[in-house]
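Trainee: This structure is in structure tokens; I'll ask about it shortly.
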Amino acid sequence: MKQLLPFKVGYETYALPLIEVQEVVENQIVHPFPGAPAIIAGAIAFHGRIVPVVNLSLLLDFPVGKIGPRLIVLINKRGPVALGVDQVRTVINLEINQTNQMQNRIERNYIDDVINWDGEMISLFALDQLQNELQSLCEQRGN
Amino acid sequence: MEIDKFRDMFLAEAAEHLESMVDILMQLDLDPQDQDGIDALFREAHSIKGMAATMEHAETTKLSHHLENRLDICRKLGRISGVEIDWLLEATDLFKLLLDDIRNNHEERCVASFIATSPKETGTSTTLDSPQRKDPLSSEGEGLLVQLQLKATVAAPGPRFLVLLKTLSKFGTIIESTPSTDELLQGNVPDQLFVRLLSDTPQEQIKQQLLRYSELQEITFPGKINKPVKSLSKSPADKTVRISTELLDHFINLTGELITNRYQLQNALKEKNWQELDDGVGQLKRLVKNLHHQVLKVRMVSLEGLTGRLSRTVHDLSRSLAKEIQLKVEGAEIELDRAIVEELTDPLVHMVRNAVDHGIESRGTVSIKAWRERDQILIQVADDGRGIDPEKIRQKALDKGFLNPSQAQTIRDYDLFQLLCRPGFSTAQEVSQTSGRGVGMDVVKTAVEHIGGILLIDSAPGEGARITLKVPLSLAIIRVLIVECNGAKMAMPISRVIQTAEIAPEEVQSSGKQLMINYHDERLPLISLRKILKYSKNVALDPIPLVITEVLGRKIGLVVDQLVGQQEVYVQRLPAPFDQIRGCSGGTILGDGQIIFLLDLQSLFERRRG
């Protein structure tokens, strides 16, 4: 059994393995981050650390509104990062056989897999892809 | 794993010993008869030998052993020659290479050919190097050194010595002996035996026991009490930090107090005793401040470790250029963040090289002065050479197209000197061996600016040159100027700010597309921070808030929306990969939870240019 944290961005429902999530924080002020790439909405003060916030709507090409009241702070070996999403839902417990291996991964970015949860399609968010994208964006800004 | 740990320790300690050797050699260069200096040098070589032997690094041991022998001779002569000093300096260089080999898991390079180059004059004095006295154990080190001399009439000295060794071994452990048991068994027998003995038995008692042997001519104990070696600052490249136990105890005490404080606060909260709670918070404030102060102390190192290296640079360079140059150092005891000292090492070496190579013609003084002004450290490298002629720079800037003729007319000397730090601008008539390697002034400037410092050049023909670095005391806690731009607060290190000003819109003039202002008889371009950060234009401000700062060697007036104020802040590095974003060198969380990012104007401008 696997625990997943579903969240909404735009019209889509995504999910992350709960084990990747450090905390969901509420009502945090996102402070502007001058000079950062556009998908960085800003940064929050998280237990005394500065944690950049990624605007997922922008990253995933959805209409960009205000970042929702809840942010998902990820555990990250290299350093923390927070995801700005539209809505965070309650954790779901997933049986392994409920996942469908996607036929064509390349078709959609940032999706590892799709699951059918009571008739609702939930996309498993591809964290690795996000990490790589952030890395290359920040390096671009470095050169 | 364990071996790695020991190896790292060995490398760190050996590097320390080498550094103090260089320091001592530089002192001896001035006073070749300084007995304490020679003694200290001997001890350093001996320490390296001991450590290298333990770690089984044969070549390093061999070299240190050879050094120890030579220094022992110097010690007996009571002086050290200039040739010897130079040779010993070369030996320290070879040591560094050996340490590199060990660090990189390579086989140690062979030292025999270098040892063969040892200078003759003080070296192979026959009386001291005769077979009888060959390789006496040094009087320094662990244990008691016993020297036994047999009567000339003794028929079989070898077996006698073996008996004596056995007798001595009853008193404790024999660490080493010269000659060794093996050598004695092979019949290689001089008339003296040196034994280093680890024993609890008093010296006098051992002597009494030995006096029973009628064949002994003389029993002496050449050892003396080890003087504690002055601890010199560590190599800046060290990854480990040594902390005095006193400071550690301080931390433990503070932790204890913090625990007490926690219970005090918990209690007060439970009883809703506001007075008690208030006291507790006051106490906590004091403790945290103290803790902060102590932790910062751990990061602080003096400039002494660095000045040793600089005097070496001056020494070597003045020899190779046949110049007579003195180095004066003032304020080496000044302490600053080790990260800053690390960043400054190469730039300072280059500045000193420049002074020796280009500044001074044949004889003179290079002085390094460090002092503190509020929360900044100033380090000045000055020479009393021919100075830099602004006219020459002007001409060169024209020739190279750094300035157009009208700029060349109006540019101030200050800005002319800053041109020296522009990449591709060098005033050296020809590239010498010295200026050809290492870093140029542009790299010096970049390094200094990287740590939030600034570089100032000041010179006049015939008056020498002075280059001053202004750097922050610490990288973690710095004073910043907070400004507002597009509704967000952001900060810049105060060390980068020349002045803040507010000007009336009427004072702004335009020169082509560029807006300019007159500032202290200088025309400065106005640049908008909004524009640099690609924010939308602001409504017209009156007055216009400005930060006068210097970017890429040029003074500019940076237009911000509002000047907020100054504050001391704790700067955090950003988590990877965000620390690679240029234009932002970190951030800080203010007391009210607000995050402020630290602008790195230099790289923002570079980014804009590129």
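Just so you know, glycine gets a Cβ as well, placed from its N, Cα and C.
Pulled these features from TrEMBL for this protein:
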- B:1-102: domain 'HPt' (DOMAIN)
- B:HIS46: phosphohistidine (MOD_RES)
- B:242-475: domain 'Histidine kinase' (DOMAIN)
- B:477-610: domain 'CheW-like' (DOMAIN)
Trainee: Need one number: mean pLDDT over the domain 'Histidine kinase' (B:242-475).
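Mentor: Residues in the domain 'Histidine kinase' (B:242-475) carry a mean pLDDT of 82 in this prediction.
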Trainee: Per DSSP, to which secondary structure element type does B:HIS46 (phosphohistidine) belong, with helix, strand and coil as the options?
Mentor: helix
Trainee: Counting across all protein chains present, how many other Cβ atoms fall within 10 Å of the Cβ of the residue listed as 'phosphohistidine'?
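Mentor: 22, counting other Cβ atoms within 10 Å of the residue listed as 'phosphohistidine'.
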Trainee: What counts of helix, strand and coil residues does DSSP assign across the domain 'HPt' (B:1-102)?
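Mentor: Helix, strand, coil within the domain 'HPt' (B:1-102): 90 helix, 0 strand, 12 coil.
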Trainee: Provide the three-state DSSP residue tally for the domain 'CheW-like' (B:477-610): helix first, then strand, then coil.
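Mentor: Each residue of the domain 'CheW-like' (B:477-610) counted once, the result is 22 helix, 73 strand, 39 coil.
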